[in-house]
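**Student:** The structure under discussion is supplied below as structure tokens; questions concerning it will follow.
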Amino acid sequence: MAVASLSSSSSFSAAGAVADEAATAHRRAPSSGEGKAGDAGAAFVLEAKGTWWHAGFHLTTAMVGPAVLSLPYALRGIGWALGLATLSALAAVSFYTYYVMSRVLDHCEAAGRRHIRFRDLAADVLGSGWAFYLMVAVQGAINVGVTIGSILLAGNSLQIMYTSLVPDGPLKLYHFIIAVASVLALLSQMPSFHSLRYINLGSLVLSVGYTILVSASCIRAGLSSNAPAKDYSLSMSRSEKTFDAFLSVSILAAAFGNGILPEIQATLVPPAAGKMVKALVINYSVAFFTFYPLAITGYWAFGKTVQSNAIQSLMPNTGPSLAPRWLLCLTVVLVLFQLLAIALLYAQVVYEVMEKRVADATRGRFSWRNLLPRVAMRTFYVALCAFVAAALPFFGEIVGVIGAVGYIPLDFILPVVMYNMVVSPPRRSVVYVANVAIMVLFTGLGVIGAVASVRKLVLNAGRFKLFNDHVVK
């Protein structure tokens, strides 16, 4: 998803708070668990009550979101054959790395060290060096950035519906961001990760719903007389073609991003061994039936003219709409509701840090001692994220950056590194060699993808304006 900017002050402060708290926890002990005395974050937010299908709902919400609407745009940079091959390869590798991460957590749990946070696992495996702090900063920035981006895009969804009904209406983007933030602040009072299980089931249904609507609309648009000429050619410039290719890979990697698998696994009733594989099957089944149809139909219908958001391609600035207005409005409504679910999900990691610091685990979850700070802190956090979303309405431009510098190291590199360090397969074994190959390949892709993504940001920097009334895409 197009979120997780390190440029915002809230990202730095929240990531720094996570790093400080994690470093303190690392100095105290190398492991953590939900039963640790006084750990309100574990007791209240990461309570272990879930089943494997609940974890499947959480994983699906973390991965399958509006980022799927950018998949046709990703194919535009590398073409049909390489695009679909890359999509399939990233699906296979990401499934494997998430499975490996789950195995590392299972191995630690079997050894008596049940880690319920990514930062605790990193402290145990990586120690307190620079790699540990880098991981904590990246995860913290992703969690904060996803919340900011979800608020921004949800506000933009409301704005799209409003302007379609009242073209010259007086309301601005920040009005809709305030409305979204108000609803999100109310929903954020749901106390735990586990309490979101049915919301995340609804999110799963919503993602399938709007994918079907957009895919059908793309087919209709591609067959209509107003469809643009189908041109699938790539850039003639070799350097431009190279940068486009790596940017596309970064976008595809971001689509498979998660970044919070240990926290999701923490919601399972222990022992968790084997349960996450079933949850991943749910996750990737939904991903298969959403990613491929939309990527194929969107790129087929619009070719090299496809926009970074497939819905934008169906609503051209000139000429008639390429899909019925009621269908586009329904699609935007479904996207809006799912964005709220995504923001709630990723905010849980930040809320866990807050509660671990200030809540009293010996008191009841709904006691005045814990309820008042929870309401105040969560409301303030949502308000701060909403302010940043209104001030910096150009998160759509950093999808590739997040894929390169955020999700790629967290979801593709760290799991295989940790597996080789914790499980210690023989150095000449297929697993060890494959893990090293994945580490080397995705380190290179991450570096080059980051350069390509930042280059695109620099080229488009002239369009960025603080408190703009439109989301820059």
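One is the number of the first residue shown, and numbering goes on along the chain from there.
Using N, Cα and C of the backbone, Cβ positions are placed for all residues, glycine too.
Copied straight from TrEMBL:
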DOMAIN    49-456  domain 'Amino acid transporter transmembrane'
TRANSMEM  78-100  transmembrane segment
TRANSMEM  121-153  transmembrane segment
TRANSMEM  173-189  transmembrane segment
TRANSMEM  201-223  transmembrane segment
TRANSMEM  243-261  transmembrane segment
TRANSMEM  281-302  transmembrane segment
TRANSMEM  322-347  transmembrane segment
TRANSMEM  379-410  transmembrane segment
TRANSMEM  430-454  transmembrane segment
**Student:** Answer yes if the transmembrane segment (430-454) and the transmembrane segment (243-261) have at least three CB pairs under 8 Å among residue pairs 6 or more apart in sequence, and no otherwise.
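**Tutor:** They are in contact.
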**Student:** Check for me, if you would, whether the transmembrane segment (243-261) reaches the transmembrane segment (173-189) - at least 3 Cβ pairs under 8 Å, residues 6 or more apart in sequence.
**Tutor:** no
**Student:** Should the transmembrane segment (173-189) and the transmembrane segment (281-302) be scored as in contact, given a threshold of at least 3 Cβ pairs under 8 Å and pairs 6 or more apart?
**Tutor:** no
**Student:** At a C-beta cut-off of under 8 Å, are there same-chain residues at least 6 beyond the transmembrane segment (201-223) that contact it? List them, or none.
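**Tutor:** Apart from its flanks, the transmembrane segment (201-223) reaches 57, 60-61, 64-65, 68-69, 72, 230, 286, 289-290, 293-294, 297-298, 300-302, 310-311, 313-314, 322-323, 327-328, 330-331, 334-335, 337-338, 341-342, 345.
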**Student:** Taking the transmembrane segment (78-100) as reference, which of 121-153, 281-302, 322-347 has the most Cβ pairs under 8 angstroms?
**Tutor:** 281-302
